[in-house]
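Asks: Encoded as structure tokens, here's the structure I'll be asking about.
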Amino acid sequence: MTQKKVAILGAGSWGTGLALVLADNNHQPVIWGNLDKIVNEINESHTNSHYLPDIILPTEVKATLSLDEAIDGAEIVVIAIPTNAMRIVCKQLNEALKEPTILVHVSKGIEPETNLRMSEVIEDEIDASKRKALVVLSGPSHAEEVALRHPTTLCASCKDLSAAEIVQDRFINNNLRIYTNDDVIGAEIGGALKNIIALGAGISDGLGYGDNAKAALMTRGMAEITRLGVAVGSNPQTFYGLTGIGDLIVTCTSVHSRNWRAGNMLGKGENLDEVLEKMGMVVEGVRTAKAVHGWAKKLDIDMPITESIYAILFENKDAREAVDLLMGREKKIEKESF
């Protein structure tokens, strides 16, 4: 395979993990970061100890503080940043891009102020003439396991399947299997909203409830995700795939999941400010819960689990009381509630 340069915007765990994959595939990954300490560590020690402790990076993984240097000559630009930084980074990228480029984003969330998905934010900020294609790379994955080269599957979603196939070709190897899909909306809705349900799974575990409770929460949570997704144009089949149920399972059941860990602390009685301070990293489900709270009301979508998690996060609702209220809701036929 011909070596290709790929720029990765974001020196966090996911950006670094994807850079490792590209280096394993004999490509030229360049990470753009904004902290001297992390950029220097990647270049000099071939580690990123804050985000991926105990992982040795291939020497082919390079990092820079210069956005221009990172994207110069890149076939693909991967945007691997927290959702709250998406607009400001895309404004910078729009100024820096000199020619149409394939853009890939791996950020899972909804913008609270606008209810826009991340691809819509990118389209808002980056001129169409500079976007060769926009691909969503998503699925059941923790960066830590990708960096350890454990078997993982993802889905590259794009309206232009030929662009999705290019991304598939650059990242696929014996450890990372990539599928393609044309349902961008479904991939983004599944990836964003599962973080809310993962907060709920953590809360359930923190309260000491068992597997039955978590299985119910995940299943009914997927019903809520599907309802909203279909209402905004997703293919319902997408939610049975990697970017739907797959991503939900891994995020609700793993100690690697920031959202599960945050929820677990909430379930044990800590308040949101304490939890976020202890986490020291972005917990996307908190921001997404705020966005979806208003969005679901606007669309008149019934999302009782999501609303309960919002109330625990932002209205000081007692978690046990929230569970009691959910369990006491009116009787329903299951198939009519999807």
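Glycine residues also receive a Cβ, built from the backbone N, Cα and C atoms like all the rest.
The feature NADPH binding site is assigned by Swiss-Prot to SER13, TRP14, LYS108, ALA143, ARG258, VAL282, GLU284, with sequence analysis given as support. Per Swiss-Prot, the feature sn-glycerol 3-phosphate binding site maps to LYS108, GLY139, SER141, LYS194, ASP247, SER257, ARG258, ASN259. Annotated active site, proton acceptor per Swiss-Prot: LYS194, in sequence order.
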Asks: For a quick check of understanding: among the binding-site residues SER13, SER141, SER257, ASN259, which residue's Cβ has the most other Cβ atoms within 10 Å?
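Replies: The most densely surrounded of these binding-site residues is ASN259.
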Asks: Looking only at Cβ atoms, how many others are within 10 Å of the one on ARG258 (NADPH binding site)?
Replies: 22
Asks: What subset of the binding-site residues SER141, LYS194, ASP247, SER257, ASN259 lies within 10 angstroms of LYS108 (NADPH binding site) at the C-alpha level?
Replies: LYS194
Asks: Have a look around GLU284 (NADPH binding site) and count the other CB atoms within 10 A of its CB, chains all included.
Replies: 26
Asks: To the nearest whole angstrom, what is the C-alpha distance linking VAL282 (NADPH binding site) and ASP247 (sn-glycerol 3-phosphate binding site)?
Replies: 18
Asks: Any idea what the Cα distance is from ARG258 (NADPH binding site) over to SER141 (sn-glycerol 3-phosphate binding site), rounded to a whole Å?
Replies: 12
Asks: GLU284 (NADPH binding site): which of the binding-site residues GLY139, LYS194, ASP247 is the nearest Cα neighbour?
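Replies: Minimum Cα distance from GLU284 (NADPH binding site) across GLY139, LYS194, ASP247 lands on LYS194.
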Asks: Measuring Cα to Cα, how far is SER257 (sn-glycerol 3-phosphate binding site) from SER13 (NADPH binding site) in Å?
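Replies: Cα-Cα, rounded: 12 Å.
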